[in-house]
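Please read the structure below before turning to the comments.
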Amino acid sequence: MRSEFQRPRGTQDILPPASYRMEQIRRIAIDTAAKFGYDLIETPIFEQTPVFLRVGESTDIVQHERYSFTDAGGVDLTLRPEGTAAIARAYVEHGMFNQPQPVRMCYYGPMFRRERPQALRYRQHTQFGAELYGSSQPEADAEIILLACDVVEQVGLKNPLIRLNSIGCSQCRPSYRKSLIEYYQGRHQELCEDCQTRIHTNPLRLLDCKIDVEIRQQAPDIQDYWCEDCRAHYQQLTTLLTEAGRQVIRDPFLVRGLDYYTRTVFEIGHPSLGNQTALFGGGRYDGLATTLDGPEVTPAVGFGMGIERILSAVEENFPLPLKRSVYVAHLPGFEDAAFVLAENLRQQGFSAESDLLHRSLKAQLRDANRRSTVVVIVGGKEWEQGQVAVKRLGESEQLTIHQDQLSEFLRQELTPNP
Ligand SMILES: [Zn+2]
Ligand SMILES: [Zn+2]
C-alpha cells in the first residue's frame, strides 16, 4: 500500500540536476519567444470551471481528467489542464482585442490532468506555450510554427519535423464531417469501443484512434473537402515554412484532440523519434475567444509544449550550466573565520559555501571536490600572516596567496573562458 506521506500518484519531485535542466529550458523557451516578440503572461493555476467546460466540453480532459473543487465560498474551480483556454479568457477579460494587433503572448507553468499514470504522463506537468491573437493570415500560423521549431532547436534537437494538416472551417468542415460519419457508420461493427462513442461526440477524432488505424486508410480525406479559402491558407502556410527552410509533411490523420481548432493543426517531432511521434502540437482556433464572450471574430493560433517530454528527448545532450563556486575549508579551530570568509565572498558576488559540520580537513576536501571549482583553506600560520591556501579542483598543487589578492584570484579562476 502506498503511504499517505508519499507524493501523490502521477506526480514527481524534480531533484537536481534535473531541476536545473528544467530551469534552463524555461529560460531558453522564454528568451526564444522574446526574440519573436512574444511577451510572458502568467494566469492563475486555477480558473472558474466554466472556462474549461465552455472550450472543451466533449474532450477526455474536461470530461474525465479534471481536478475540480468547490471552495469555501461555493465557487466551482478547476486546476488548469492546459494553457490556451486561460490565455483566451485573459485576452477577452483585459480587452486586449482593443490593443494594436497582433498580440503575441507566451506562458510557462504547471498544468493538471488526472491521467492514467504511465511513462511521461504526469498529473502535474509543465507546459510552455505561445499564442498569437489578431491575425487570420497564414503568416501568423507560420510564425507560431517557426517559433515552436526554434525552441526545439535551441534546446538541442536540430532540424525538427513539422506534420501539418487543415481541418477546414465552418464553411467546409460540416460536409466533411458528414462524409466521415457515413464512412465510419458503414464500418461501425469493426470500431473500438471509444470510437463507437466518438462517432457521435467528436467524429474527427476517429482519425487519430491508435487502434482503428486500418479503417482510417480508406476514410475520406479532408483535403478533398477544403473550401477555396482553406486550401489557399494551407498552401500559403506550406510555402512560407518551406521557404523559411523547414521540413513539412502533410498528415491527413492529424486532427488534434480539442474541439476548438479551425484550419491549421500541426505537430512538431524529430527524426530521432521516428516519423509518427510528436513532441507537441498546436493549431489555429479562431472561434475560441468568441465562446468566452469575446468579439465575434478573434483569430488566434498557438501551441503548448510539455517540458517533461522535451526534456526526456534531449536529456543526454543537454549540458548543465557549469557550476563555478568556492569552497571555504578550515583547519580545526578556524570554523568562524571560514564561515565569515564565505559570507564575505558571497557579498562580493561569488558563489561560496563552508563546512557547517566541523569536519576534518580531509572530509571537507572530499566534499569540496564534489561541489566546487576552487577550495580556499583557512587557518594555520598562513592565516595569522594574512594569507590563505588555495587549490583548484582536481589539482593536488596548493598555492599560498595574500588575503588581499583572494578576490582577484577567484575572479580569474571562476570567470568562464570566452
Ligand atoms: Zn474552409
Ligand atoms: Zn478506435
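Glycine is no exception: its Cβ is also placed from the backbone N, Cα and C atoms.
Taken straight from TrEMBL:
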- 25-332: domain 'Aminoacyl-transfer RNA synthetases class-II family profile' (DOMAIN)
- Glu82, Gly83, Thr84, Arg113, Gln127, Glu131, Arg256, Tyr260, Tyr261: L-histidine binding site (BINDING)
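This prediction places the mean pLDDT of the domain 'Aminoacyl-transfer RNA synthetases class-II family profile' (25-332) at 92. The DSSP secondary structure for Arg256 (L-histidine binding site) is coil. Mapped onto three states, the DSSP output places Tyr261 (L-histidine binding site) in coil.
A simple way to gauge crowding: the CB of Tyr261 (L-histidine binding site) has 24 other CB atoms within 10 angstroms, across all the protein chains here.
Residues within less than 8 Å, Cβ to Cβ, of Gln127 (L-histidine binding site) and separated from it by at least 6 positions along the same chain comprise Glu82, Gly83, Tyr107, Tyr108, Gly109, Pro110, Met111, Gly304, Met305, Gly306, Ile307. Here the Cβ of Thr84 (L-histidine binding site) has 24 other Cβ atoms within 10 Å, regardless of which shown protein chain they belong to. Cβ contacts within 10 Å of Glu82 (L-histidine binding site), excluding its own Cβ and spanning all protein chains shown: 21.
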